[in-house]
Structure formats: C-alpha cells, structure tokens
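Feature annotation from TrEMBL assigns region 'Disordered' to 38-68, 146-178. Per TrEMBL, the feature compositional bias 'Low complexity' maps to 155-165.
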C-alpha cells in the first residue's frame with residue numbers, strides 16, 4: 001500500500017511538473033506574441049510618424065508655393081488693374097471689376113486649398129496619435145504580463161485514488177434474492 005501511494009504520489013508529481021512546463025511554455029509563447037505585437041506597433045508608429053513628417057513637409061511646401069503664387073498673382077493683377085485704370089479710364093472699369101473678381105475667386109480658392117491642407121494635416125495628427133496610443137497599450141499589456149506571477153499548478157482533477165473502503169457503494173433497487 002505504501003509503495004502504491006509512493007508511486008501514485010510520484011506520478012502526480014510528474015504530471016504536475018508536466019503541467020508547469022506546459023504552462024511555462026504557453027506563457028513564453030504568449031509573451032513572444034505580445035513582444036511581436038509591440039514591435040509591429042512600433043514599426044507601424046515609426047512608419048506613420050515618417051509618413052506624417054513627409055506629408056507635413058509636403059503640405060508646408062504646397063502651402064508656401066500656393067501662398068507665393070497667390071501673392072505674385074495678386075501683385076501682378078493689382079499692377080495690371082492700376083495700369084488699366086489709369087490708362088484706359090472708364091471704358092476699362094468692367095475689365096477691372098472682372099479682374100478684381102478673378103483675384104477674389106483666386107483668394108477664395110487659395111483659402112480652400114489651405115483649409116484642405118490643414119484638414120489633411122489634422123487627419124495625419126489623429127492617425128499618428130491613434131498609433132501611439134495602440135503602441136502604449138501593447139507595451140503596458142506586455143509589462144503587466146511580465147510582472148504577473150506564474151499561475152499556481154492546478155490540483156489534480158481526479159484526486160487521490162480511492163481504496164476499497166472509501167469507494168461509494170452502489171445501491172440496487174431491484175432485489176435478486178427471491
């Protein structure tokens with residue numbers, strides 16, 4: 001009986017060690033997956049940051065070019081308007097009004113381009129912030145997993161083996177003695 005109990009205890013110990021190894025392997029696998037996700041999020045954030053910087057630089061260049069063109073056009077238009085007004089007099093007032101309208105239309109178009117560039121820049125800001133938030137979340141999950149103590153071994157579901165005295169007796173409702 002002592003040998004059977006010792007063998008049963010040794011088997012339970014081996015099973016517990018196997019479960020611990022499985023749990024450790026599962027934890028390490030989960031940890032590697034989380035680390036991969038963090039690296040992926042970092043790469044995505046760096047890519048988004050790079051694209052954001054490129055887009056911002058391009059938007060600034062476009063805005064600067066649009067502003068320069070608008071200023072040059074307005075200056076040329078105003079010079080032309082002044083020359084027309086002084087040389088042609090009243091007959092050219094309709095052309096001057098049309099030129100002023102064209103200048104106003106171009107200014108409105110410039111404002112629309114600038115507003116569009118600002119909207120695109122704001123969208124890139126939001127995209128970058130979302131990626132940074134995701135990266136921080138994954139990093140905090142990884143830290144929480146790393147700091148969590150390993151799980152306690154699960155008790156043997158079958159329990160210790162029952163000897164003949166402690167086994168439940170089956171009760172029969174039919175009487176076979178008659």
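The backbone N, Cα and C atoms fix where each Cβ goes, and this holds for glycine too.
For the region 'Disordered' (38-68), same-chain residues at least 6 beyond its ends with a Cβ under 8 Å from one of its own Cβ atoms are 110, 113-114, 117, 120-121, 124-125, 127-128, 131-132, 134-135, 138-139, 142. Summarised by DSSP class, the composition of the region 'Disordered' (38-68) is 31 helix, 0 strand, 0 coil.
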